[in-house]
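Before any comments, here is the structure.
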């Protein structure tokens, strides 16, 4: 480019125009100050304009071009030039999106260099960046050096500690914030509420919300409902929900999810129906809770109706996993397998759910085959996966395989064995008749064995008729769980069989003193989208006469093929005739009779019950499935029983 200006001393030539004297000096000074002119004096180059640098930097930041933005930032740093806070915030967003920790730190270093004091907005953005990078120490250090903290500054730190489950810090910060004269807003409260792990603190916060008038805020109400639900305070959660008519489905989701998480599936589904009637559309969160409710109640048909709503949404991993769990827990492994095979994305939860589904339903070989596929896929097993594998080994009688996985789970997968893993091993050894080894393993547990572990041993003792060890296990259960009525009754029966009548009386007296009462057995079955519940001795069902007639006919047919009621499963102080009558009207037998009466032979009879199925009912259903050529599935609190052709998937051990 040709030089437009030539100067020497006090004479300037501009395209042929010659000026001299004071005028030339003024013009020269003006031209040197003008931006955009390519002025050269001997070999001296004019610096790049500030505006050009800033424009370039801003362009790269908004375009999320991180490498070029960082190069431009370095130039700004050298030139001691600073951009506006919004531009830096765009660069920080870019660092977060890329997981660029070092670049984020470089931005922090630059905006605090050479005595520059960034605005509070920018410091809050940097602090949030460190929180998102899980660098709480750096966020705290930045917070400590702030001279001007606003509600966003405090809320950012409270939310950070709440998310990190450092609950005491979150609550402390709320107190310091209020002492500092900064008033919490709805986001502050919704964050700190989730840090509450104590009911008294929660109630104090609830009162504080009422004073400042934030209890009607959607996020705050949702958080209140969530926390009350997590503490099992469903009445308080429902009161919070009912305080005012809600116009937001976020609050609906919270209350439905609260009941579903607390295994109150019936109320969760009732609320789900109310929400639909109120004109709200379900989203993925609502449907996940509804599926969880169906899972807890083993309501397959209702679960299928929810599945129809799921199909309206784009495939979602969380929803797919919830569907998978629902079908597994309802004992429908065909549909569960179909969902699993069609999943585009599978995580460790997907694989673990399917493995445990097969294992709990008695299909141990398939569970172990799937575990091999999982390892080939590159998904690393977790605590729950290994539990499913050990459960499968237990039900398949694979002692050596189970012992291998148990003793090497730390080395193979980096997982320390927990109570549940020990329980599976006790079950495995007990099934195989190695009761002494099972007891030894219990005493070697790093954590104290709980009542569930001892119940597992007790079940093995019953199968192998080791009454001495059964008595020992039963006493351990009662010590840990004094309200376990079933164990009292079992121990009473053990004493009765061995003519220890004084011990029987002492045990009954102890039950009375402690107020222990046997929970009534309840079974329910779903027919034509309606739930029918049955309790022994309850004659409230409108079809009770037809059901009793059907049940008596079934019993008569079963006795013809050799069925004899096993009175070992009844209290020993009843007369023989009373024993048999009490057995014949167990709730699962009534439910099965209703299923035979109401469902065609091609349909599977699916029953859910609240107590462990007794040995007599197990034999009853097994024979019925054989002579009626029916498929019957019973889910009790322990496991699933698939009855077909006179065989049960549990292998007659539960």
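Cβ coordinates are placed from backbone N, Cα and C, and glycine is handled just like the others.
Automatic, uncurated: that is what TrEMBL annotation is.
As given in TrEMBL:
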type	residues	note
REPEAT	84-118	repeat 'PPR'
REPEAT	150-184	repeat 'PPR'
REPEAT	248-282	repeat 'PPR'
REPEAT	316-346	repeat 'PPR'
REPEAT	347-381	repeat 'PPR'
REPEAT	484-518	repeat 'PPR'
DOMAIN	562-654	domain 'DYW'
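Away from its own ends, the repeat 'PPR' (316-346) comes close to residues 284, 287-288, 291-292, 294-296, 298-300, 303, 306-307, 310, 353-354, 356-358, 360-361, 363, 377, 379, 606, 633, 635, 640, 642 of its chain (Cβ-Cβ under 8 Å, at least six residues beyond either end).
Taking DSSP states H, G and I as helix and E and B as strand, the repeat 'PPR' (316-346) has 23 helix, 0 strand, 8 coil. Across all of the repeat 'PPR' (150-184), the predicted model scores a mean pLDDT of 94. Shown for the repeat 'PPR' (150-184): DSSP residue counts in helix, strand and coil, namely 26 helix, 0 strand, 9 coil. Secondary structure of the repeat 'PPR' (484-518) per DSSP, as helix, strand and coil residue counts: 27 helix, 0 strand, 8 coil. Broken down by DSSP into helix, strand and coil, the domain 'DYW' (562-654) contains 38 helix, 16 strand, 39 coil.
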